[in-house]
Amino acid sequence: MTALRHDWTRAEILALLELPFADLVARAQGVHREHHDPNAVQVSTLLSIKTGGCPEDCAYCPQAARYATGVEAEKLMDLDAVLAKAQAAKAAGATRFCMGAAWRSPKDRDIPKVAAMIGAVKALGMETCATLGMLSEPQAHALKHAGLDYYNHNLDSAPEFYTEIIHTREYQDRLDTLGHVRDAGLKICCGGIVGMGESREQRAGLLHALATLPAHPDSVPINRLVQVAGTPLAGTRALDPFEFVRTIAAARIAMPKSMVRLSAGRAEMSDELQALCFLAGANSIFYGEKLLTTGNPDVEHDQALFARLGIHALEVDVESNTVHADIVERCAAEAAA
Ligand code: SF4
C-alpha cells in the first residue's frame with residue numbers, strides 16, 4: 001500500500017509531471033486501485049446560492065463585479081429555492097450538494113441563513129459542501145455545528161503565480177481559512193485551476209502546496225480554466241489536454257486517498273479526454289447543467305458516459321450523514337429571524 005506522504009518536494013512532483021505519459025498514467029492508476037474503487041465516481045452538484053457582484057479581482061472569475069462579463073449580481077437565494085434545487089440534484093443521482101456564494105467572506109448575519117440551507121439539504125440525506133470565501137474561526141465552527149460536511153476553499157495556483165491572478169487577498173489568507181476549517185473539524189475541499197498561463201513547474205508548485213498541507217484535502221478539485229469574455233484571462237493560450245491529464249495523475253500519486261475532482265472546464269472536454277482523466281485517477285465530478293455561472297455537461301450525457309465506461313456513482317454513507325431535526329428547525333428559525 002502506497003504510504004501517505006506529506007514531505008513531497010516540488011522537484012519530485014515536477015519529476016512526476018515529466019514522466020513519459022504512459023508511465024505516469026500507469027503509476028497513477030496503480031495508486032488509484034490501491035486506495036479506491038477504480039470504477040466508482042463521486043457525484044456532486046454545485047449551486048450558486050448568491051451570484052455575482054463579488055468585490056475580489058480573481059482574474060479568471062466572471063462573478064467579479066469589476067469585470068464586464070454579463071453576470072448580474074443577485075441576492076442570496078431563499079431557503080425553499082435552494083431546497084428545491086437540492087431535491088432535484090438528489091433525484092438526478094448527486095450525493096453531495098455544494099452551495100457557492102460570490103463573497104469575499106460571509107458577513108456574520110449571513111451565517112444563520114446558510115446554516116439553515118445546510119441543515120435542510122443534510123436532512124435530505126446528502127453530503128453538504130459550501131464555498132463562501134474566507135472564513136473566520138467562529139464562522140467555521142458555526143457551519144460545522146449546522147451540519148456542514150465539507151468546505152471548499154481553493155489555493156488556486158502555485159504561491160509565486162498567485163500574485164499574477166489575484167491582488168485582493170493573499171495566499172496566506174487562503175491558508176488561514178483552511179486552518180480555521182480544519183480546526184473546526186470540517187472536511188476540506190481544496191484544489192486549483194490550471195491553464196491560466198502558468199508553467200509546468202508552477203503546476204508542480206500548486207500540487208506541492210496541496211500535498212504538503214497539514215492533511216491532504218479530502219477532495220481536490222482540479223479545474224481547467226474556462227475562459228470567459230470580459231475577464232483578464234480571456235484569450236489565454238489553451239492548455240494542452242495531455243498536460244491536464246498529467247496534472248490529474250500527479251495529484252492522484254501525491255494525494256493517494258483524496259477524491260480528485262474533474263471540475264470546471266469539463267464541458268469543453270471530449271468524452272475521451274474525461275475517460276483518460278478517470279484512468280489517471282480522477283474519481284469525482286460536478287454534475288448538473290451549470291457550474292456556478294459557466295456550463296457543465298448535461299446529466300443525461302454524463303449518465304451515458306458512465307454507462308459506456310462501466311462507471312457507477314459512489315454511494316454516500318447516509319448513516320454518518322444524518323442530522324437531527326432540531327438543528328434543522330433551529331437554523332430555519334434563526335434564518336427567519
Ligand atoms: S473566485 Fe470567488 S472570490 Fe474570486 S471573484 Fe469569483 S466569486 Fe469572488
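For all residues, glycine too, the Cβ spot is worked out from N, Cα and C.
These features come from TrEMBL:
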type: BINDING; residues: C54, C58, C61; note: [4Fe-4S] cluster binding site
type: BINDING; residues: C98, C129, C189, R261; note: [2Fe-2S] cluster binding site
type: DOMAIN; residues: 39-266; note: domain 'Radical SAM core'
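Positions of the features from TrEMBL, shown on the structure.
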residue	record	DSSP (3 states)
C54	[4Fe-4S] cluster binding site	strand
C61	[4Fe-4S] cluster binding site	coil
C98	[2Fe-2S] cluster binding site	strand
C129	[2Fe-2S] cluster binding site	strand
C189	[2Fe-2S] cluster binding site	strand
R261	[2Fe-2S] cluster binding site	strand
Taking 10 A as the limit, how many CB atoms besides its own sit near the CB of R261 ([2Fe-2S] cluster binding site)?
25
Neighbours of C54, C58, C61 excl. site residues, C-beta within 8 Å of centre, [4Fe-4S] cluster
E56, D57, Y60, P62, Q63, A64, A102
Over all shown protein chains, what is the count of other CB atoms within 10 A of the CB belonging to C129 ([2Fe-2S] cluster binding site)?
24
Hits among C54, C98, C129, C189, R261, i.e. binding-site residues with CB under 6 Å from ligand 1, come out as C54
Round to the nearest Å and give the CA-to-CA distance linking C61 ([4Fe-4S] cluster binding site) with C98 ([2Fe-2S] cluster binding site).
18
Pairwise CA distance, C129 ([2Fe-2S] cluster binding site) versus C54 ([4Fe-4S] cluster binding site), rounded so that it is a whole Å:
20
C-beta crowding around C54 ([4Fe-4S] cluster binding site), within 10 angstroms:
23
Same-chain neighbours of the [2Fe-2S] cluster site, Cβ within 8 Å of the mean position of the Cβ atoms of C98, C129, C189, R261 and not counting those residues, run in sequence order as S44, L46, R96, T131, Y150, N152, S219, P221, S284, F286
Counting other C-beta atoms within 10 angstroms, the emptiest spot among the binding-site residues C58, C98, C189 is C58
PLDDT averaged over the residues of the domain 'Radical SAM core' (39-266)
94
Distance [Cα-Cα, Å, rounded] between C98 ([2Fe-2S] cluster binding site) and C54 ([4Fe-4S] cluster binding site):
19
